Amino acid sequence: MTDFSPREIVSELDRFIVGQADAKRAVAIALRNRWRRLQLEGALREEVLPKNILMIGPTGVGKTEIARRLAKLANAPFLKVEATKFTEVGYVGRDVEQIIRDLVEVAIAQVREKKRKDVQARAQIAAEERVLDALVGPGSSPATRDSFRRKLRTGELNDKEIEIETQAGGGSPMFEIPGMPGGQIGAISIGDIFGKMGGRTKTRRLTVVDSHDILVNEEADKLLDNDQLVQEAINAVENNGIVFLDEIDKICVRDGRSGGEVSREGVQRDLLPLIEGTTVATKHGAVKTDHILFIASGAFHIAKPSDLLPELQGRLPIRVELNALSRDDMRRILTEPEASLIKQYVALLQTEGVTLEFGDDAIDALADVAVAVNSTVENIGARRLQTVMERVLDDISFGAPDRGGETIRIDADYVQKNVGDLAKNTDLSRFIL
């Protein structure tokens with residue numbers, strides 16, 4: 001679990017996301033409260049429940065990007081899911097308990113990666129012995145092995161092909177039972193049963209350098225205690241797990257509507273116990289959801305937050321509104337983030353030997369076009385900038401291999417020449433921008 005202060009979390013998010021200070025503060029405080037709770041003792045720790053968050057704002061303003069960046073910062077089991085992927089229990093599709101099962105799998109992968117690092121040195125030695133067995137045979141003399149070991153460590157044998165035995169992937173998707181999402185019966189996965197029956201090794205032909213990571217991971221896994229690993233992962237999910245529920249507005253039941261809305265309301269009802277706190281059976285054991293933090297987000301273009309079930313509204317006590325992007329925000333998005341669009345395009349074309357330069361007037365023109373099209377067609381926020389940039393740089397990207405060594409300067413006139421007319425013609429921009 002990360003021990004960043006709220007101010008440090010916000011400054012990390014500022015490196016990639018423009019504006020939206022309220023949303024950044026809310027998630028920073030929620031993340032810090034996870035750490036604070038773990039410093040408490042016994043009974044009080046159990047009583048402190050997470051304050052779940054509902055983020056409301058139009059599309060393309062940074063809701064999902066905040067989740068993506070938070071996942072990297074959190075150093076905790078984190079899962080982002082779309083609410084529209086799930087159906088009410090009894091309908092064909094995935095039920096919401098699959099969220100927790102998936103979160104457990106994420107946690108196991110995280111813990112395994114961390115523990116592999118602890119046994120890395122021993123795994124490297126064992127993997128090296130397996131490569132030597134493949135090169136000179138298990139019965140070779142110590143002198144021969146030492147000679148090949150030296151060559152192996154200096155990289156002389158990197159391109160040599162060897163045959164190695166690796167673990168065959170288990171579990172086939174064909175063994176799923178209708179109405180049992182993920183092939184789950186209680187806490188047993190059908191896929192796992194068949195995976196164990198067919199858990200054999202297979203021979204693969206690889207170069208020495210390609211086989212290295214595969215063999216090191218296999219040898220590391222042999223040194224790990226799988227039961228302890230799973231227990232640690234479940235503990236991490238129960239105490240530090242974070243679920244980001246995107247598109248929650250799409251499962252709202254709007255006033256005066258009926259028919260296909262039944263399943264939507266059912267999904268909301270199924271989410272209630274999960275967010276409030278329940279026990280979910282997974283193939284690795286029971287998982288309590290009382291202390292998992294849920295962050296829900298939605299554009300709420302058509303539905304309103306009040307269209308959510310009252311019980312669900314009560315379980316998302318912290319409301320954060322994200323603002324629509326202004327012209328100044330668009331301009332900052334093009335230049336300020338560490339991986340801004342302009343930096344990406346400059347780096348991409350640099351690989352062809354083309355140096356791309358953007359004048360301040362070009363950046364202003366790009367922001368103006370994006371804002372104009374958003375206001376006349378459909379407001380899709382910062383995503384409009386990608387469409388505009390692709391259109392402006394279309395000719396340059398196409399001809400870049402023939403223009404190596406050139407320096408191309410983009411100014412306002414160049415932007416207007418490529419997208420100016422389209423931005424003014426609403427009918428055309430509906431289809432092209």
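For all residues, glycine too, the Cβ spot is worked out from N, Cα and C.
Arg383 is the only one of Arg130, Arg383, Arg391 that Swiss-Prot places in the ATP site (with Val18, Gly60, Val61, Gly62, Lys63, Thr64, Glu65, Asp246, Glu311). In the three-state DSSP scheme, Val18 (ATP binding site) is classed as coil. Less than 8 angstroms from the CB of Glu65 (ATP binding site) sit Phe16, Ile17, each of them six or more residues away in the same chain. Of all residue pairs in the ATP-binding list (Val18, Gly60, Val61, Gly62, Lys63, Thr64, Glu65, Asp246, Glu311, Arg383), the one with the greatest Cα separation is 34 Å apart.
Take the CB of Lys63 (ATP binding site) and look out to 10 A: across all protein chains shown you find 26 other CB atoms.
Fewest Cβ neighbours within 10 Å among the binding-site residues Val18, Val61: that distinction goes to Val18.
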